[in-house]
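The following features are taken from Swiss-Prot:
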- 79-125: region 'Disordered' (REGION)
- 87-103: compositional bias 'Acidic residues' (COMPBIAS)
- Ser117: phosphoserine (MOD_RES)
- 279-403: 3',5'-cyclic AMP 2 binding site (BINDING)
Amino acid sequence: MADYTIPSELPPILKDLSREVLRHQPADLVQFCHDYFAKLLAQQRKVLMDSADPATKATIASTAGPAVDADEAARANSYAYSTDDGFGTEDDDDDDDDEDDEAAIPPPVVNRGRRTSVSAESMAPTAHDVDAVKTVIPKSDEQRARIQASIGNNFLFRNLDEDQYTDVVNAMAEKKVAAGEVVIRQGGVGDYFYVVETGALDVFVNRNGNGDVKVTDYSAGGSFGELALMYNAPRAATVVATAESVLWALDRVTFRRILMDHTSRKRRMYEAFLEEVPLLSSLEPYERHKIADALESVAYADGDVVIRQGDVGENFYIIEAGDAEVIKIDENGEEHHFRPLHKGNYFGELALLSDKPRVATIRAKGKLKCAKLGKKAFTRLLGPLADIMQRNTQDYEKYPGEH
């Protein structure tokens with residue numbers, strides 16, 4: 001115990017819990033805490049599912065059922081997706097609703113009723129994780145190019161910074177497998193995460209001892225093995241090569257240090273930033289948690305156009321750093337400049353609220369960094385603030401907030 005380091009995420013979690021206890025003043029404190037953390041866990045799992053590729057979702061869906069206590073899962077999901085917290089609003093006309101339904105299935109419960117040789121680990125990265133010696137496997141330029149091509153569109157690596165991306169490439173090991181070779185086996189210990197460069201692999205799940213059933217397959221660009229590393233759980237499925245394949249393997253330590261620390265730091269950074277945004281000041285901490293998890297950081301150089309007048313609106317933006325120009329062209333073709341936007345200002349909401357084209361152009365004035373929220377997440381997470389944003393449109397004649 002003397003060497004144990006308190007995870008950096010623990011203090012803010014306990015602080016948020018204390019606020020909720022003071023706000024609700026529950027008669028049964030233990031039950032309240034249980035329900036609070038069940039809700040928080042379900043939200044985190046939904047974030048993972050929302051960002052996962054279809055093959056990963058299929059694997060989770062095929063393995064989640066029997067391992068989860070029905071009452072516990074129902075309670076957790078009811079908290080996570082209840083509209084009582086003001087964040088359950090969905091666009092009924094959205095074609096992606098089926099994907100959200102699938103995302104509601106929780107991943108396998110970790111280590112329920114069984115022992116593995118993997119020591120229990122916190123999902124939150126510790127100081128030891130951050131300070132760990134980096135894995136560097138020598139590679140040729142050709143190998144590095146192949147890795148980059150393989151992971152370029154993978155959801156887990158999409159938002160890493162340059163240093164983290166380099167660490168991933170450095171740590172990956174090439175693994176060649178023959179047709180018929182088992183790469184991972186259900187119930188085994190998870191030591192590696194895999195990305196498929198070439199080849200084909202099938203995924204099988206054995207439920208209740210009734211034999212292996214194929215649930216999905218992987219080809220070039222696919223990836224698997226992250227669930228066991230994220231949740232410290234046994235492998236949820238067996239993956240078998242159906243043709244000669246080339247995989248890139250990322251070890252457990254590097255995976256957790258880079259990917260999970262990135263997620264943790266991103267959340268902490270955005271939560272602190274969102275507290276300073278006036279529009280979001282009325283939200284509860286757990287509501288800002290959800291927004292922080294959904295935001296994506298985008299950077300622009302001087303003169304870059306963020307949104308263009310007349311275009312269809314797909315995203316909502318909050319300025320993290322820098323300044324932006326607001327330009328509107330009237331019906332006579334004359335260009336008008338409005339008051340510039342700064343850190344904490346938001347734009348892009350009007351086109352999403354009204355389904356109308358952009359009414360102005362926003363252009364970076366110097367280096368600009370924004371937090372971006374897609375249309376579907378905007379509707380789901382910022383629905384309760386729609387009235388406030390609609391009221392703000394009355395100021396657009398002197399200071400257009402949509403831009």
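Keep in mind that glycine also has a Cβ here, set from the backbone N, Cα and C atoms.
In the three-state DSSP scheme, Leu295 (3',5'-cyclic AMP 2 binding site) is classed as coil. The Cβ of Lys375 (3',5'-cyclic AMP 2 binding site) has Gly313, Glu314, Asn315, Phe316, Leu352 as same-chain neighbours under 8 Å, each 6 or more residues away in sequence. For the recorded site, Lys343 (3',5'-cyclic AMP 2 binding site), the DSSP three-state label reads coil.
In sequence order, Tyr346, Leu385, Ile388, Met389 make up the list of same-chain residues 6 or more apart from Leu279 (3',5'-cyclic AMP 2 binding site) whose Cβ falls under 8 Å from its Cβ.
In three-state terms derived from DSSP, Ile327 (3',5'-cyclic AMP 2 binding site) belongs to an extended strand segment. Each of the binding-site residues Leu295, Val359 was assessed for Cβ neighbours inside 10 Å, and the highest tally belongs to Leu295.
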